[in-house]
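**Student:** Pasting a structure here, questions to come.
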């Protein structure tokens, strides 16, 4: 409800109007001179005194008796307390005589030399008269009086006209207000309606209002008064349009419905209107407006009924929101499935295609075989990354996209995608070319999985719409200088010689499920999701995807990605990029060689320490070992290693505590975390503990050596391997044979690393027995620690099949869910009975019941 002067009661308005009329009459009487003037006689006395002084002064001036004139003036001032000063001033403005207050005190600007009668240039406090000597103007007499009324004192207002007006107005208002209160009670229009009729109105659940032709409320029932928070009688003559209606008028109608009924006399029914109630809540009403008949068939007013439908409308809104959410979830599911099917088909086709080539024996030489195997391996890793994305997306709300920022060799990702897509290009007779015309940073900070998806989508689209010619993928830098002032951007341009896109369709193709033409879908297939997904990913990575095209000649999609700071980046010239790629393509491998360096490996698993030691020693590094964080602190203080590899979960003292203590002691050497729990958000926990970085388990040997090279200054050495290297082997996934078949470690055939597998095989039975004992006794903390060991050690020695069940077992133990632990324990024991250690020896675990 809006409140203001016009919302005050009618009694107030009438009292105010009558009081104003009385005051107006008094003012008119004053202007007509009908009211007595209290100050008039005093003004006349002052004028008479002034004239007497002037006459006496002119007589004495004629006698040239200045001294006597001074005495007379002093006497006059002394005899008249209200007279402050008398001054005689010559015509040239020179003061001749004065008595009383000196001239400099309170002389108004109007008193300047000149002639005139009393009143010319005079005020109530300052009078002046012209003096004549010998028939010629001599000067003037000036008299200064006290004010007629002391305005600083309240007594001066007694008897004043202003007091009369104010007191009359207030007294009249109060008298009229209470008089009208009594009189208007007998004129209350509500009294016209019999009490039983009003009681019936007040019992109705609907709000009822009678509105007069001026739009004012003449009658309201109790229900309506409760809605607006006022007594129904207080609503009398309140304009109904001034209530807090939420819309100025109904759609399509410039006036309120009661105005329309007054105009045409036609009822209005079932109009939905919204009104804010006394509590500030928006309420919905179904409004019906009917005309009230007057004399001679005229419309004398309207009857407005308001039925509260707020609850119904809220339920309708809730149902609509639920429906929208369900439709959005269904669309998200469809989008998700379409995206996954699109992303999975491409690497799967590469795996099946190259596997078919190898099965048929169509390879020409060992180098081709190796290249085909590497393509299959890269495609498998890509599928694994997609599965990981599915698991991540299942844990967050639909529509929320998370990206990571890690060092990524984008040129290598592009080459890997091109290798996967090349088979498809060759089947169509289209050349697929990767061009590196300028130097590029070795790595940039971005999300490798998202970059791979973007490039896969765009190359796949280019090949789909190119019937002949070539698809060229070009990598270059834009808006970036080595100084780093401008924001660095890595650009990937995918140009094709396909059908092209019409100019008016260039924006539409980035919308989900949209292709340039309907015939395009029929001829080339596809869902129309690829470009929309690619643009979303690119923008999440700080870049964008745009397109330029000429119909009939081809299209070029421009991808830009943020790279992070490049001030300390290693830049590779085009020749170096080509050399690395050629080495990889011909079966060569890149090794890391270290001139010197001491690395402390801290892990409670002997197998993990032994594997890392063998790898690092083969690269020229010296390895120190510790089984927990407490021992690691002593070794660091005693041996001063160059770098520490620290497991985060260990008995006695974990890696977090040990690293924090190292930092508190002022140790600044690099400390890399080894963990099997690298979930999203884990980086913040690692950074807070003081770690320099982290590596995940099972250990990726390539990633481990590359990270150590970044800190210890290793160098790359390219060469041809006569046999499969442990680096490649460690990166591969352990295949899970059919149920009941043996499980062989991926390190089983390596001459040096196989002994780590044997050590694990002999240690596993004791660990499983300890797990069973802890499960029987309900020691969940011990169970979690043992499962953590199995998760890391099993993957490290090449038995990746233990990773997922061990991780699930650890989660259940820490969550305190013993009912599920039995099931997972049986699964782990079944896997343990199937493992085989090198040289055909069955693992001792196989003897477990």
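Just so you know, the numbers here start at 1 and follow the chain as drawn.
In case you wondered, yes, glycine gets a Cβ from its N, Cα and C as well.
Since the structure is predicted, the reported quantities are computational estimates derived from the model, not experimental observations.
Residues or ranges marked as domain 'Histidine kinase' in TrEMBL: 339-565. Among the features that TrEMBL reports, domain 'Response regulatory' is placed at 598-712. The feature domain 'HPt' is assigned by TrEMBL to 749-846. Annotation source TrEMBL lists 4-aspartylphosphate at 647. Marked as phosphohistidine by TrEMBL: 788. Summarising the annotation, TrEMBL assigns transmembrane segment to 12-32, 163-180.
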**Student:** Quick check for the class: what is the C-alpha distance, in angstrom and rounded, between the residue listed as 'phosphohistidine' and residue 647 (4-aspartylphosphate)?
**Tutor:** 11
**Student:** Could you give me the DSSP helix, strand and coil counts for the domain 'HPt' (749-846)?
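**Tutor:** Its residues divide into 78 helix, 3 strand, 17 coil.
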**Student:** Tell me whether residue 647 (4-aspartylphosphate) sits in a helix, a strand or coil according to DSSP.
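**Tutor:** Once the DSSP labels are grouped into three classes, residue 647 (4-aspartylphosphate) ends up as strand.
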**Student:** Can you name the residues of this chain that are 6 or more positions from the residue listed as '4-aspartylphosphate' yet have a C-beta less than 8 Å from its C-beta?
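**Tutor:** Result: 602, 603, 604, 605, 608, 655, 673, 674, 675, 792.
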**Student:** Mind giving me a neighbour count for the residue listed as 'phosphohistidine'? Other Cβ atoms within 10 Å of its Cβ, every protein chain shown.
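**Tutor:** Summing over all protein chains shown, the residue listed as 'phosphohistidine' has 26 other Cβ atoms within 10 Å.
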**Student:** Taking DSSP states H, G and I as helix and E and B as strand, how many residues of the domain 'Response regulatory' (598-712) are helix, strand and coil?
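**Tutor:** In the domain 'Response regulatory' (598-712), the DSSP-based counts are 54 helix, 24 strand, 37 coil.
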**Student:** Take the domain 'Response regulatory' (598-712) and average the pLDDT across it for me.
**Tutor:** 85
